[in-house]
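Notes to accompany the following structure.
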Amino acid sequence: MLKDTVHYSVAESEPVRLVQVTDPHLFADPEGQLLGVNTTQSFQAVLNTFSATQYPADILLATGDISQDYSPESYQHFVDKIEALDLPCHYLPGNHDDPRLMAVRMQGDHVFGQQIIDIGPWLILMLDSTVRGKPGGYLGEKQFELIDAAVKAYPDKHVLLVMHHNPILMQCAWLDQHCMANGEDFLARTSRYPQVKGVLWGHVHQQVDKLHPGPHGDIPLMATPSTCIQFKPLSSYFALDTVQPGYRLLELSGDGSIRTNVYRVPGNRFSPDNEASGY
Ligand SMILES: Nc1ncnc2c1ncn2[C@@H]1O[C@@H]2COP(=O)(O)O[C@H]2[C@H]1O
Ligand SMILES: [Fe+2]
């Protein structure tokens with residue numbers, strides 16, 4: 001049995017149901033804004049949109065950039081809002097997070113930082129792609145060792161790899177300088193495992209649904225809108241999109257396939273400052 005593993009059981013006839021939220025960029029001050037969007041309100045609106053569906057998720061994944069100001073209070077606000085959902089939440093760090101502060105402040109009855117989640121016929125690996133003090137990412141050898149050890153310990157499980165940074169380029173030059181620097185190597189190495197059935201990330205503040213052609217078949221590559229501001233796809237310079245914040249649902253089946261969709265807050269409440277040139 002591996003250390004640092006959380007176990008969940010699900011009914012055999014049911015898929016594993018996940019909800020992902022990412023990049024809330026919360027502030028200590030609940031009035032704090034990122035480029036004209038109140039990130040506390042937009043995060044709450046995303047959670048409300050999800051809650052209203054009464055979707056029976058098993059767990060929630062939060063894929064980094066929880067804080068925008070590195071404050072203990074921003075993490076506490078996250079925990080308080082998540083606790084109200086009454087759903088286990090597993091998180092990993094983004095480039096805007098302070099992992100040590102997270103470990104101390106991201107605690108609650110439903111909030112966990114363990115990296116290995118054993119749930120029904122699936123294994124979800126919460127990887128750390130951050131590089132201290134840098135906006136870009138890199139997957140270090142320790143993380144590859146964790147993948148290897150987990151797959152060896154649970155050879156019969158399907159594996160979903162989750163992290164903050166994008167292993168593929170977004171064709172946005174300004175954003176691609178902050179990608180996972182060894183993303184190509186990451187996909188080549190991990191797709192050799194027949195168990196790896198999906199890769200999921202945040203960071204790019206936009207939806208991605210693509211397939212990576214691996215030696216054992218196509219692997220879904222998925223990224224999810226931020227719960228606050230959205231980056232404009234395919235823009236070489238910094239530009240924001242007017243589409244609303246959102247979240248992703250995933251259904252992981254016993255046969256290793258994934259059904260997934262992105263959902264957004266209805267209406268037009270969260271419009272960013274169009275003149276913004278960065279943050
Ligand atoms: N104009 C810009 N040019 C390059 N990088 C930027 C710019 N504005 C913000 N960034 C960084 O790029 C990151 C991409 O998403 P993040 O939420 O990690 O936070 C962003 C900032 O750290
Ligand atoms: Fe972000």
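For all residues, glycine too, the Cβ spot is worked out from N, Cα and C.
Cross-referencing D58, D65, D241 against the Fe cation 1 binding annotation in TrEMBL, which names D23, H25, H205, picks out D65. According to TrEMBL, D65, H164, H203 bind Fe cation 2; the candidate from N38, N48, N95, N182 that the record adds to this site is N95.
Among the binding-site residues H25, H96, H164, H203, H205, the residue whose Cβ has the fewest other Cβ atoms within 10 Å is H96. The Cβ neighbour count for D23 (Fe cation 1 binding site), using a 10 Å radius and every protein chain shown, is 28. Taking Cβ-Cβ distances under 8 Å and a sequence separation of 6 or more, the neighbours of D65 (Fe cation 1 binding site) in its chain are T22, D23, P24, H25, G94, N95, H96, D97, H164, G202, H203, S226. In sequence order, T22, D23, T63, G64, P93, G94, H96, D97, S129, T130, P135, G137, H165, G202 are the residues of the same chain, not among D65, N95, H164, H203, whose CB sits within 8 A of the CB centroid for the Fe cation 2 site. Of all the Cβ atoms in the protein chains shown, 19 others lie within 10 Å of the Cβ of N95 (AMP binding site). The binding residues for AMP are recorded as H25, D65, N95, H96, H205; their greatest pairwise CA distance is 13 Å.
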